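Undergrad: Submitted below is the structure of interest, expressed as structure tokens.
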Amino acid sequence: MTQAEIKLCSLLLQEHFGEIVEKIGVHLIRTGSQPIRVIVHDTRTSLDQVKKALCVLIQHNLVIYQVHRRGMVEYEAQCSRVLRMLRYPRYIYTAKTLYNDTGELIVEELLLNGKMTMSALVKKVADRLTETMEDGKTMDYAEVSCTFVRLADTHFVQRCPLVHATENSDPGPPPPAPTLVINEKDMFLVPKLSLIDDTLALAGIAQWIELWLQMKVLPVQTPVRAHAWVAGQVPGTGHARGKGKRRRSSEDDATGEPKAKRPKHTTDNKEPIPDDGIYWQANLDRFHQHFRDQAIVSAVANRMDQTSSEIVRTMLRMSEVTTPSSAPFTQPLSSNEIFRSLPVGYNISKQVLDQYLTLLADDPLEFVGKSGDSGGGMYIINLHKALGSLATASLESVVQERFGSRCARIFRLVLQKKHLEQKQVEDFAMIPAKEAKDMLYKMLSENFISLQEIPKTPDHAPSRTFYLYTVNILSAARMLLHRCYKSIANLIERRQFETKENKRLLEKSQRVEAIIASMQATGAEAAQLQEIEEMITAPERQQLETLKHNVNKLDASEIQVDETIFLLESYIESTMKRQ
């Protein structure tokens, strides 16, 4: 764990959860597994605050726990999972691209809340979509449920582990911490729910009011109480209606109404939720698999043409669920299967497809490989080599932007020839000796290339030693990844500084916008709205535009750097698994 990663984790935790959670999370990242008493002592935070912070971190899968052999529970932070918060905007945008606004809100709610039941999630998303619709229109729960099922079928959302059944039935003392297990077959199994819209439940409100009044459950002489009761909760449904808030028991008691006169439908007839205890979370590994596939398709399109990229996209789509995200190869696919799975309207013949597959298999990058001859030819996608090529392209791009085109030429030359002496670099690159030496030493000092000594004699005398320049892609990728973490942290700090410097102006702008929105809702005249808008002067408006431009530029830079981080992380992880 480097200092750059710890600093970035600290900034992300503070930005998302506040100072207390950030303090506990960073302490666990620095120290490793710790019991709760040690955390309280070392951080000098109250036990109650530490418990709440750990609950938040566990809820969002940022901390895991395990029972020590002595019986105490130790908590350990997941630094890699904290860094995934950088990618939240990409996860949400991907869901929007694939499953429209409904999928976007489903993934957004899961990321904001960590874990949610399907019923609560569907209701929350439907209510949010209803608020954005025109008057009189509502979002059907069935439509949201259908989108959720599609997300589960494509493995973008998955079930959370549950408490083992034997622990609940064991009559003995409970364990220090529950053991969570999940069956892989049930990980994407969606429970059958029959959710009823609030609008349907409200269809018979008038009849309910009349019935209750006839039964004298509610006093007739206090119609205000009846309306308040109706606004609070729908009888027999067990959930709040619209934007009305639930009435707490303490508030009911304060009115002086006897408890016996209260309707019992909200408690006695409350049916249990079918998916109670079945929680769902976003499957980030599946999103990463989608990002990887998109990067591979884009690389093929840039190297060859659109038809080749569409063939590769079809192969990846056919194996996206059957191939694990960490696998080095996709499942073998026959030429006939690929031809049948091409998008509708993509008019290429079987012969042309075979020619494209042969061309892809013969390409030096080896993105596509041939694994057999049955079924017209069996083809796979070499995911490990594809990630290696993408990481290498990122390194070449950084060298060119940082040191110039001549250094990039030398870097590609050493990368291609594997090992070269300085004189060979000068000859092959056709660069003068002095310039080539300066460029080699510059890249050597920045750890983009390395120097390997091969002595002729055991004494390692310089005159009898070969000095060969080489590129260690794994080492260079780790170095560049470390710099990307530092860059992201600097971008976040700069964005926070820009926002803090203009805090008063931003608050003033928000107040003015709130006033204008409320006046528009009440039907104010254009002259009145113009007068409110003039509360922000021309220099202040210009300052706001500059701030907005700078913040948007910083946000875009964060996303671009994170794309490089993703490619480097994927390549390093794939390489380490093969070793």
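The backbone N, Cα and C atoms fix where each Cβ goes, glycine too.
Per TrEMBL, compositional bias 'Basic and acidic residues' is recorded for 256-273. The domain 'RNA polymerase III subunit RPC82-related helix-turn-helix' annotation in TrEMBL covers 7-66. Marked as domain 'RNA polymerase III Rpc82 C -terminal' by TrEMBL: 246-389. The domain 'DNA-directed RNA polymerase III subunit RPC3 winged-helix' feature in TrEMBL is assigned to 395-471. What TrEMBL records for 231-275 is region 'Disordered'.
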Undergrad: Average the pLDDT scores across the domain 'DNA-directed RNA polymerase III subunit RPC3 winged-helix' (395-471) and report the rounded value.
TA: 89
Undergrad: Could you give the number of helix, strand and coil residues in the domain 'DNA-directed RNA polymerase III subunit RPC3 winged-helix' (395-471) as assigned by DSSP?
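TA: Per-class counts: 46 helix, 13 strand, 18 coil.
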Undergrad: Please list the DSSP helix, strand and coil residue counts for the domain 'RNA polymerase III subunit RPC82-related helix-turn-helix' (7-66).
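TA: Counting residues by DSSP class gives 45 helix, 6 strand, 9 coil.
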